[in-house]
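Student: Relevant sequence annotations retrieved from TrEMBL are reproduced here:
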- 12-34: transmembrane segment (TRANSMEM)
- 25-278: domain 'G-protein coupled receptors family 1 profile' (DOMAIN)
- 46-74: transmembrane segment (TRANSMEM)
- 86-111: transmembrane segment (TRANSMEM)
- 131-152: transmembrane segment (TRANSMEM)
- 172-194: transmembrane segment (TRANSMEM)
- 215-236: transmembrane segment (TRANSMEM)
- 256-277: transmembrane segment (TRANSMEM)
Amino acid sequence: MSLAHIGQQLTIYGGMFIVIGGVIGNGMNILVFSSVRTYRTAPCTFYFLIASIFNIAVTTINLISRIVSAGFGVDLTRSSVSWCKIRQFCLVTQSLITLSCSCLATIDQFFITSQSASIRRLSSIKWAHRIVLIVILVWCLHGIPYLLFYNILPIIKACGNTNGDLAVYNPIYLLGLLCITPVSVMVVFGYLTYRNIHLRRALAEQQADRQVTRMTLIQVILVVICIVPYGINIAYNVATSGISKDANRLLIENFVQSTITLTSYIYFGGSCYVFLISSSRFRRVIKDRILCWRRSNQVIPIQQPICKTAPLENRTYN
C-alpha cells in the first residue's frame, strides 16, 4: 500500500471524524456558552463562544472541501473562480478569528487572576464585545487581497495566487500570524495565568472562575500540540523551496504535510472535548441541557412538569 493511498484514506476517514466531532462539539459549546448566564456574561467564555462559531465554519467549509478534493479528486476550485476566491478568503479569515479569540481568552484569564485590581478591571464583557467586532473586521479586511488575487491559473488549471507581493507575504502570514504569534501569546499568558494562580491570592478572593481558568490553560496545550507542527512544516517548506527534490522525497513530504494539516484541524474541532475533560461544571451543564431536551420531547402526563430542574442561570456550581 503506497503512502499516497494511506494519505488519501487518512484524509477521508480522519477528516470526516474531525468534521462530525467538531460540529457536534462546537455546537454544544454554542449551546452552553450562549444559554447559561454565568458563561454568557463572562468575557473569557464569550471569546470561546465566538471561536466555536468560527470553528464550525473552519471544519465544514475548509476541511470538507479538502476531503472532497484530496480524498475523491473533486476539486471545485479548479472549475469555479468564485469558489476559488471564497474558499481562500474563508481559509484565511476564519482560522485567524478563532485563534485570535483563543488568545483573547487566555489574556482575559491573566487579567482576572491578577493581584492588581486595575488589571482585573480590564476584564470586561462590554470591551469583549467591542474587541471581537474589531478582530472580525480586521481579519476580513486582511482577507480581501486573497479575494482579489486568487484565480484559476491557466497553465496548471488550479486555484492559485496571481500577485507577486502576495506570494512574498504568504509565508509571513502562514508562519507568523497563523502559528508563531497565537502560540506565543497563548503560551506566555497561559504561563502568567498559571503563575498568578500559584503566587497570588486565592482565586475565590479575586472573583475568578477556577474551572474556566483550567479550561483556558488546557486549551493552550491543545494549540501547542496541533498548531506547532504545522508551523514547523511551513518553515521547512520555506527553507527547502529552492532545493531540487526527487519523486520519492516529494511523496514523503506530501504525506507528512497532509497528516500535519489534518492534525491542525483537531484544534478547531476539539475544544469542546477539552472543556469536558477539564471542567466538571461544563460536564454537568451539558448533561442537564441534553436531559432537558430529551425530556421535553417525551410524551408525559399533563400533571407532571417537564424538566423540573431549576434554570441553570440560577444554579451555583462548585
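These residue numbers are counts, starting from 1, taken along the chain as shown.
Glycine too: its Cβ is placed from the backbone N, Cα and C atoms.
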Student: Any residues 6+ beyond the ends of the transmembrane segment (12-34) with a Cβ under 8 Å from its own?
Tutor: 40, 45-46, 48-49, 52-53, 55-56, 59-60, 63-64, 66-67, 70-72, 262, 265-266, 268-273, 275, 282, 285-286, 289
Student: Same chain only, please: residues at least 6 beyond the ends of the transmembrane segment (86-111) with a C-beta under 8 Å from a C-beta of the stretch. Say none if there are none.
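Tutor: Here the qualifying positions are 43-45, 47-48, 50-51, 54-55, 57-58, 61-62, 65, 77, 119-120, 122-123, 128, 131-132, 135-136, 139-140, 142-144, 146-147, 150, 159, 173, 177-178, 182, 185-186, 189-190, 192-193, 196, 208, 212-213, 216-217, 219-220, 223, 227, 268.
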Student: By Cβ distance under 8 Å, which residues at least 6 away from the ends of the transmembrane segment (131-152) in the same chain are close to it?
Tutor: 46-47, 50, 77-79, 81, 84-86, 88-89, 92-93, 96-97, 100-101, 104, 158-163, 166
Student: Can you work out the mean pLDDT of the predicted model over the domain 'G-protein coupled receptors family 1 profile' (25-278)?
Tutor: 88
